[in-house]
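*Asks:* There's a structure below that I have some questions on.
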Amino acid sequence: MSTESTAGPAKIRLRHLQQAKVEGRPFTMLTAYDQFSAQIFESAGIEVLLVGDSVGTTVLGHASTTASTHQDMLTFTGAVARSVTRPLVVADLAFGTYESGPADALRHGVELVRAGAEAVKLEGGAEIVPQVRALVDAGIPVVGHLGFTPQSVNSLSGHRVQGRGDAAAEKLVVDALALQGAGAAAVVLELVPAAVAEAVTEALEVPTIGIGAGPRCDGQVLVWQDMAGLSGFHGKFVKAFADLRGQLQAAAEQYRAEVGERRYPGPEHSFD
Ligand code: KIV
């Protein structure tokens with residue numbers, strides 16, 4: 001007998017994402033790095049929270065995700081994992097923690113799981129199959145990441161759409177199938193032409209999760225500060241569903257004005 005209510009499962013597992021793909025129901029993933037944003041996204045019903053290495057560029061002030069460290073990922077994964085119960089928590093393996101081989105990937109993956117991750121994400125295709133196998137064999141679910149892979153921003157010569165042209169599109173499908181064959185439970189597709197992302201999605205049994213990859217992926221992911229209009233980043237693939245930057249600035253300006261005019265704190269904010 002199923003214990004799942006009509007509101008959906010009390011805890012999102014990878015099998016629910018798989019089920020969503022089979023049933024043609026798109027699901028959502030948002031990045032999260034801290035307690036309050038994670039809790040708000042849980043309340044909003046977001047199924048998957050990604051503690052992305054984008055924490056480096058959205059929270060820590062770095063220019064590239066290559067600056068995010070394993071310790072950063074452990075700290076922010078712990079913060080998110082302790083703050084929510086329902087969403088699936090996925091954490092990024094930081095740049096430099098898995099490229100050298102399966103043993104390194106496994107060691108760092110185990111530490112992310114100890115910090116609270118329920119799956120780990122790493123960037124790359126067929127070349128990281130041994131790492132994916134080692135993680136999966138150890139019981140650590142893996143999410144792949146293809147297309148524009150931010151940790152390779154230097155070798156990809158900047159933020160550019162990947163998979164254009166027949167050969168590149170074919171390579172994406174081959175890489176995605178290799179990740180799936182190694183046991184990956186889902187694959188993120190970043191900055192990929194919509195038609196190519198659709199072809200990858202059709203070729204795979206596991207779900208694809210798109211960011212700048214059109215509407216036909218099984219799920220969608222955005223960096224939360226872009227989604228909420230806090231970062232001010234207006235890339236073509238981004239839709240800002242709020243104006244947090246404007247609202248926060250207005251609030252700070254009003255606070256400053258009220259303090260300057262001695263209107264805040266008032267008697268109701270003061271102790272006898
Ligand atoms: O780190 C991140 O935020 C990501 C998303 C862009 C998918 O990997």
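Along the chain as shown, residues are numbered 1 onward.
Heads up, the Cβ atoms here are built off N, Cα and C, so glycines get one too.
From TrEMBL, here are the annotated features:
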type	residues	note
ACT_SITE	E190	active site, proton acceptor
BINDING	D53, S54, D92, K121	3-methyl-2-oxobutanoate binding site
BINDING	D53, D92, E123	Mg(2+) binding site
*Asks:* Roughly how many Å lie between the Cα atoms of S54 (3-methyl-2-oxobutanoate binding site) and E123 (Mg(2+) binding site), rounded to a whole value?
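*Replies:* It is 13 Å, counting Cα to Cα.
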*Asks:* Taking a cut-off of under 6 Å between Cβ and any atom of ligand 1, tell me which of the binding-site residues D53, S54, E123 pass.
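*Replies:* D53, S54, in sequence order.
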*Asks:* Output, ordered by sequence, the same-chain residues six or more apart from E190 (active site, proton acceptor) with a CB under 8 Å from its CB, or 'none'.
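*Replies:* The answer is H145, L146, G147, F148, T149, P150, Q162, G210, I211, G212, A213.
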*Asks:* Quick check: in three-state DSSP terms, what is D53 (3-methyl-2-oxobutanoate binding site)?
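*Replies:* DSSP assigns D53 (3-methyl-2-oxobutanoate binding site) to coil.
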*Asks:* I need the least crowded one of these binding-site residues (D53, D92, E123), counting other C-beta atoms within 10 angstroms of each C-beta.
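*Replies:* Counting other Cβ atoms within 10 Å of each of the binding-site residues D53, D92, E123 gives the minimum at E123.
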*Asks:* Determine the most Cβ-crowded residue among the binding-site residues S54, K121, using a 10 Å radius around each Cβ and all protein chains in the structure.
*Replies:* K121
*Asks:* For the 3-methyl-2-oxobutanoate site given as D53, S54, D92, K121, which other residues of the same chain have their Cβ within 8 Å of the site's Cβ centre?
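*Replies:* Here the non-site neighbours turn out to be T31, L50, V51, G52, V55, T65, S68, M73, A91, L93, A94, H145, P150.
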*Asks:* At the level of the C-alpha atoms, what whole-angstrom distance separates E123 (Mg(2+) binding site) and D92 (3-methyl-2-oxobutanoate binding site)?
*Replies:* 9
